[in-house]
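First the structure, which I've put down as structure tokens, then a few questions once you've had a look.
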Amino acid sequence: MFHRFALVVALICAATRALAHAGEQGFVLLLPTQLYIIGGGLSVLATVLLISVLPQRMAVSLFRPTTIKRWRLARAKSGVSCIGFAVMVGLVFIGLTGPHDPNHNALPLAVWAMFWFGFVTLQGLMGDLWRWINPWTGPWLAIRRLGVRPIARLPRWLGYWPASLSFLAFAAVLLAHPSPSDPDALAAMVACYWVFHFIGMVVFGPAWLRRAEGLGVLLRCYASLSVAGQSAGRLRLGVPGWKIVTGPRPDTSLAVFIVILLAVGSFDGLNETFWWMARIGINPLEFPGRSAVVAQNLAGLGLAVPMLVAAYAMAIWLGVRLIGQGARFAAAFCALAPAILPIAFGYHFGHYMPGFLVQIQYVAGVIADAFGMGPVHVTTGFFNTYATVRAIWLLQAGSVVVGHILAIILSHVLALSLFGTHRKAAISQLPLAIFMVGYTVFGLWLLASPRGV
Amino acid sequence: MSKSSESKSAVSRRSALKTLGLGAGAAAALPLWARYSSAETAAPIRIGFQKHATGIGAAYGRWYDRTSQAAVRLINEAGGINGRMVELVTEDDGTDPKRGAEVIEKFATQSNCDVAFGTLFSHVVVGSAPRAGELKLPYFVVSEGHHVASGMLNRYTVQPGITDVKSQVQAMAPFVSQNLGKKVTMIFPDYAFGHDHRDFFTAAIEAQGGEVVGLIPIPPTETSFTKYFPKIPRETEVIYHVMVGPGVLTFVKELGEFFGPSRPEIFGFIDSLEAVDLASPGLEFLEGTYFWEGNPRYAQPDQTEYDKHFRAAIGIDENGASINDSKDVSTYAHMFGCWETLYVIKAGMEAAGYAGPQDRAKLIEAVEAITTMPHSNEHPQGAKVFNGKTHQVFGPQYISKVVDGKLMVVHTASIEDGMYPDEVDYTTQAL
């Protein structure tokens with residue numbers, strides 16, 4: 001069995017080596033991209049085959065965490081959250097009063113580079129840091145001390161649907177706002193987002209933050225992928241996904257939220273490609289700017305979400321039908337959805353990482369400026385040499401492929417606990433596995449495609 | 001150094017003479033205004049910098065910013081403009097025409113800018129200029145588009161720091177026909193940018209006794225080019241290419257594979273490879289081919305003191321890359337336009353006795369009165385001739401050959417080579 005596993009590892013390595021091609025624009029097209037995409041797809045396919053022959057015990061034990069020590073995670077202190085709130089207020093103030101160049105204003109850099117790439121990645125690797133620093137808990141506890149109490153209960157039937165709406169509103173800004181980095185506009189949007197959810201929290205209590213604040217739900221989802229975590233009063237370490245295997249099964253609304261995460265991430269890549277530009281009749285070589293594609297991007301988002309939810313549902317439905325358990329469609333839809341998280345997280349990392357490499361230099365520039373240090377030279381030279389571009393693309397493609405491999409294994413283990421036997425789990429996974437192999441190819445194609453923005 | 005200050009004052013004096021009487025008369029008639037303007041002198045002159053900080057123009061925006069900041073720093077170190085410091089007020093236009101117009105409005109109505117400046121991408125200029133005209137905000141563009149001189153814009157939009165595409169293309173034709181060949185096949189992206197090259201060059205080469213024997217338009221979303229190359233007529237002596245976008249490296253590689261060692265002469269525009277390291281893999285095929293350069297990226301053996309001064313101020317090495325990172329290649333063929341435009345704004349403001357927004361019309365008149373700009377620290381790319389009627393500057397163009405992976409200038413087209421009859425007289429429009 002070890003040999004099989006070694007084979008998969010070798011395949012991944014081969015794929016990533018084969019994937020070694022230029023990441024940025026001109027270099028992107030120089031190497032035989034198709035070969036690398038096939039390599040990535042085959043790696044994931046090999047994982048499907050491997051997992052289907054792997055003994056049940058081995059698969060399950062993969063996600064069994066190791067206990068490190070007795071450790072009770074302290075409750076989130078309101079003080080840390082208040083600092084988070086103060087930082088947010090400070091950034092909004094800088095957004096309104098600071099430089100108008102988004103590369104020199106701390107607010108857009110903090111939101112799009114430090115939060116949307118940096119913090120989301122950190123959350124996926126380190127666990128739930130957001131519960132400490134989110135800017136709502138502290139102020140809410142403060143007004144609670146003043147005697148303010150929730151005046152209504154957030155209906156249970158609403159589930160996480162409000163979070164989906166909240167996240168889709170964020171996605172609409174990310175994808176379709178004409179100037180999401182404009183410091184003035186962003187300051188107003190951040191302030192409105194905070195006020196809206198704070199009012200929700202005042203009215204409905206902390207349940208609002210848990211089930212209606214989209215970014216918080218996204219961050220908690222990704223935190224479930226971290227290696228370290230706490231359960232039963234102990235610090236445990238395990239293969240990413242162990243918290244999902246040992247955690248509660250999501251309800252339908254949270255399962256759909258997870259699929260929406262992937263849909264938004266995928267469309268955020270697709271809408272930049274030459275392929276998409278050709279569909280909407282835009283010449284990518286003289287891209288007319290974001291303000292010319294607001295409606296197209298909103299329509300694309302509006303299509304991508306239901307299409308991906310339908311595709312996922314179809315894969316699950318076919319799977320349960322294959323093992324004659326059609327009645328368990330809803331249970332399987334919910335139970336297997338978290339397996340999508342590594343895919344969404346891997347793509348999130350791969351898609352935004354190159355931009356972050358530039359943005360982080362601007363962050364350093366803003367910090368240097370604040371402390372009166374010399375100017376920081378922002379370079380994009382690493383997009384201009386074969387070796388660095390290769391390394392960047394390797395990392396991007398690697399994150400996509402590893403995300404899918406993890407998703408395949410995780411999905412199999414989740415199916416095992418749902419359907420009981422190895423055979424049923426393996427057969428039920430067939431359509432979803434095809435979906436994931438296809439998605440690997442799609443994700444790598446997105447990274448390899450020439451972009452017009 | 002001394003030569004440069006002489007030339008600068010020559011331009012300023014000439015313009016000042018024309019506007020001096022106007023300024024003095026106005027001051028005498030409006031003592032209150034005069035008091036206002038003298039109280040205002042402590043405040044900096046605010047130049048609204050419309051920057052492509054995001055969007056497809058971001059690589060240009062980064063270098064336009066560095067160049068502009070360097071020029072403003074030097075202007076301020078030398079005492080500013082009319083005794084006032086200069087401040088760049090930067091706004092991101094997202095390389096987006098609609099936002100470009102909004103930014104112009106912001107400069108005029110919210111951030112109290114005296115003028116607007118900096119735009120490169122033609123569609124942003126075309127989208128922004130009407131608003132600048134309505135607001136009577138002098139709008140200095142650095143876009144090399146023919147839209148200024150064609151007459152489609154307005155009296156408040158000026159392009160005094162960089163030549164336009166029509167002029168550039170026309171200036172190439174004599175060299176191409178006399179040195180490379182008379183039978184030319186053009187390979188160009190099939191949209192307005194490529195069409196401009198097609199139309200301007202076809203006319204120019206015919207005027208030189210040459211002919212375009214093949215026109216090969218490439219769809220903008222194309223990423224593989226081999227299938228187009230068999231369409232190149234056998235009689236072709238020169239291939240003229242202006243491919244842009246991410247497909248450029250593939251285009252060059254496939255062209256090299258198609259022709260092998262025996263190829264016709266090849267002439268291109270450096271726009272294709274602006275900010276791209278010529279030592280990149282796949283570009284070996286370009287060895288021995290020719291490029292138009294707005295300003296020679298590689299320091300030449302006969303490099304002028306002005307070019308040295310320009311590179312040192314921005315922090316650029318002899319290969320046209322940042323001194324902080326040799327792989328961070330600048331947009332050297334275009335960004336001098338920002339530098340030169342800022343010095344034109346300075347000369348214009350000094351000639352107009354510019355004191356505040358009430359003098360914007362006088363500033364436009366003073367700039368229109370400028371005729372020549374000598375090769376100097378202020379104009380390191382070369383001497384210029386400004387046409388006040390068409391609001392377009394004319395200057396030398398460089399043709400360079402790739403030798404050992406570097407661009408070496410083999411011909412400098414004269415200012416006259418790029419001149420063409422006026423298509424508009426903006427001075428007849430009301431201010």
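A Cβ is built for glycine as well, from the same backbone N, Cα and C atoms used for every other residue.
What TrEMBL shows for this protein is this:
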SIGNAL    A:1-20  signal peptide
TRANSMEM  A:36-55  transmembrane segment
TRANSMEM  A:76-97  transmembrane segment
TRANSMEM  A:109-133  transmembrane segment
TRANSMEM  A:154-174  transmembrane segment
TRANSMEM  A:186-209  transmembrane segment
TRANSMEM  A:254-278  transmembrane segment
TRANSMEM  A:298-318  transmembrane segment
TRANSMEM  A:330-349  transmembrane segment
TRANSMEM  A:391-418  transmembrane segment
TRANSMEM  A:430-448  transmembrane segment
If we skip the immediate neighbours and take only residues 6+ beyond the ends of the transmembrane segment (A:109-133), which ones have a Cβ under 8 Å from one of its Cβ atoms?
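Distant Cβ neighbours of the transmembrane segment (A:109-133) are 76-77, 80-81, 83-84, 91, 102-103, 174, 180-181, 186, 190, 216, 218-220, 222-223, 225-229, 345, 348-349, 352-353, 355-356, 359-360, 362-363, 366.
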Given pairs 6 or more apart, does the transmembrane segment (A:391-418) have at least three Cβ pairs under 8 Å with the transmembrane segment (A:36-55)?
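The answer is yes, given that the two segments have at least 3 Cβ pairs within the 8 Å cut-off.
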Out of A:36-55, A:154-174, A:186-209, which stretch has the largest tally of CB pairs under 8 angstroms to the transmembrane segment (A:298-318)?
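When the Cβ pairs under 8 Å are tallied, A:154-174 comes out ahead.
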Is it the case that the transmembrane segment (A:430-448) and the transmembrane segment (A:154-174) have 3 or more CB pairs under 8 Å, with pairs at least 6 apart in sequence?
no
Take a look at A:76-97, A:186-209, A:254-278, A:330-349 and tell me which one has the most Cβ pairs under 8 Å to the transmembrane segment (A:154-174).
A:254-278
Any residues 6+ beyond the ends of the transmembrane segment (A:254-278) with a Cβ under 8 Å from its own?
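Sequence-remote neighbours of the transmembrane segment (A:254-278) are 159-160, 163-164, 167-168, 171, 174-175, 217-218, 221, 284, 287, 293, 296-297, 300-301, 304-305, 307-309, 312, 333-334, 337-338, 340-341, 343-344, 347-348, 351, 442-443, 446-447, 449-453.
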